[in-house]
């Protein structure tokens, strides 16, 4: 329960951080699509640990194995199973956390719900669970690009109190990947890196905001009233670890505008397609995509597992303290960029198939 996502383009992830491996089954991918497994690997490389001085030092190759659903790089229309083996587990780092709950982590709520949990490495609450999502999202990206010419791109917009002012129409993948924090503003990226390093040296952590744009999305995605596109996007990205907020288009800032300022005026086009003068709606109106770029932002909290001593309780409810050991990200944002892209791509792929099924 709770490990599957989607309707027609449906995924199920499996595995724990310190188990034998993690992976995903993708069901519903159309047949006869060219699927580049190295493109899947490239996405996993963007999210893997140990990639820079501001991420966890855990060393994992995160090499993906495609077990089914592909033949000579072409989708068969049958379930695509992919797995990544875990290799660098250190259960000993979690001895203290097996008797004391990490504040603001899933340890306590998992124990309360199930009466048992895989505390070593965080189990299903670990960010390693997102390997399956990123692998599946890479398949969804390839489908969207081939069938609709759609691009999904995200970047770090804010780290702690440092925020970059970025026009969503400008960033490229090369610009995002040009630095280890994945912020396309090079000057701001340097400040962000220094901030993460400083906070990490103090044994603490920080959060921030990731912005994502969908360029050339199909028109008509989304269904009234409970399957609105932005509602499904919100559910998708808010299911990622450490997420605490979501906004689309003008978001909360739009509440300060008047209707005459916020409304996106329609403009005539030669082909009769929808086009607006502004994009405060973020590419979605009435829960349905209008063809303009979809722009959304996701807030991530500071990493819960930190080296600073904190007050907590043990499994018996007794007061204790915890200074966590192990290898943990001082900031999840740089590695979360491909995770956000993956979840957005999965929603769009699913809705594209649903739109084709209902409306042709």
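The backbone N, Cα and C atoms fix where each Cβ goes, and this holds for glycine too.
Predicted, not measured: the structure shown is a model, and the values here were computed from it.
Taking Cβ-Cβ distances under 8 Å and a sequence gap of 6 or more within the same chain, the neighbours of residue 47 (NADP(+) binding site) are 62, 130, 131, 134, 335, 336, 337, 338, 339. Look at residue 47 (NADP(+) binding site): DSSP puts it in a helix. What Swiss-Prot lists as NADP(+) binding site is 47, and the listing cites sequence analysis.
The number of other CB atoms found within 10 A of the CB of residue 301 (FMN binding site), across every protein chain shown, is 16. What Swiss-Prot records for 124, 125, 126, 286, 301, 302, 303, 304, 305, 327 is FMN binding site.
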Chain-internal residues near residue 303 (FMN binding site), provided their CB is under 8 angstroms and they sit 6+ positions away: 205, 207, 242, 328, 329, 330, 331, 332
Pairwise C-alpha maximum, in angstrom, for the residues (124, 125, 126, 286, 301, 302, 303, 304, 305, 327) that bind FMN according to the record: 44
